[in-house]
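Scroll down for the structure; my scribbles are underneath it.
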Amino acid sequence: MKALLFLVLISACGAEPHPGNSSLEHERIVHIQENGPRLLVVAEQAKIFSHRGGNVTLPCKFYHEHTSTAGSGTHKIRVKWTKLTYDYLKEVDVFVAMGHHRKSYGSYQGRVSLRESSENDASLVITNIRLEDYGRYKCEVIEGLEDDTAVVTLNLEGVVFPYSPRLGRYNLNFHEAQRACAEQDSVMASFDQLYDAWRSGLDWCNAGWLSDGSVQYPITKPREPCGGRNTVPGVRNYGFWDKEKSRYDVFCFTSNFNGRFYYLIHPTKLTYDEAVQACLKDGSQIAKVGQIFAAWKLLGYDRCDAGWLADGSVRYPISRPRKRCSPSEAAVRFVGFPDKKHKLYGVYCFRAYN
């Protein structure tokens, strides 16, 4: 559509030609010049950073190459925003606008609009950002037979963490991995998110699912059980596997939360069921794995007391390494999945803000 045009339209007149007149007098030739105004769509920033619960504007403006005007005035401008999948082969509709018509789609309904700060502003405003909003968005502007596009990436501040269930390592197919992340207040991590986490020091020897269906793992300290001592650090890729039959761990991603994460001060240690009830009695719920990682990474939460979490695991977050409390590194320490009925620990709770 963008490469336009030299069009010749010939229409024969139905009347008889007058004697002496050339037949060209009864033909009409219309030329549409190739060097007319060409539509250009531009994103002022290729990447935008935000966080869960925040508001963000994805920039997009349109121009004509040979004029300073936003549109020719001949055709209505149609603006369409879509979200791209990891392989760019599929697009998810987000928002469409043409004239006074506005329509948003799916989970974006009620949360998206155009900024329209000027006649040529097609920027998309997203409010109350969710974890699943992360990704690449395409802004497409259409005017008559011309169109152009720009792509903007929405990055979220957050943390990637490896997860395996009570059953042990390599027990999740792709769909179970998706549910496991969702149950822990997170989503499956993308390759870009895992790569950024690796650059920040994430080292994990167990392979896990990513949102694109691949299985990978990050290594910062090469060693024998993890590809060998002589290999280079990096994100190791197992490739794409059967989403139903293949079983691995999963890498989840979570961002900040609208609430309070805390260790419950209680006179005694608790079984798992007692821990659940203690949080409820305190006006909260037992915290999820994603919430302890978000509190540790994004808020610097630090506590040396091991406590129950919602999935039945026991962990504790250390931001300041010290003797007896993760002396070598800052980390969310994993104690395990103890016997829920007999083992006694503290508990981490989470109270959501309205």
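Cβ atoms are placed via backbone N, Cα and C, with glycine included.
What TrEMBL records for Cys205-Cys226 (among others) is disulfide bond.
Around the Cβ of Cys325 (disulfide bond), the same chain contributes Cys304, Tyr316, Ile318, each under 8 angstroms and 6 or more positions distant in sequence. Taken from TrEMBL, the feature disulfide bond applies to Cys304-Cys325 (among others).
Look at TrEMBL and you will find 37-153 tagged as domain 'Ig-like'.
Here the domain 'Link' (159-254) has, by DSSP, the following mix of helix, strand and coil residues: 22 helix, 30 strand, 44 coil. Per TrEMBL, the feature domain 'Link' maps to 159-254 (among others).
Positions annotated as domain 'Link' by TrEMBL: 259-351 (among others). According to DSSP, the domain 'Link' (259-351) comprises 21 helix, 30 strand, 42 coil.
Taken from TrEMBL, the feature signal peptide covers 1-15.
Here Cys205 (disulfide bond) comes close to Tyr217, Ile219, Arg223, Pro225, Cys226: these same-chain residues lie at least six apart in sequence, with C-beta atoms under 8 angstroms from its C-beta. Cβ neighbours within 10 Å of Cys304 (disulfide bond), excluding its own Cβ and spanning all shown chains: 14.
Averaged across the domain 'Link' (259-351), pLDDT for the predicted model comes to 97.
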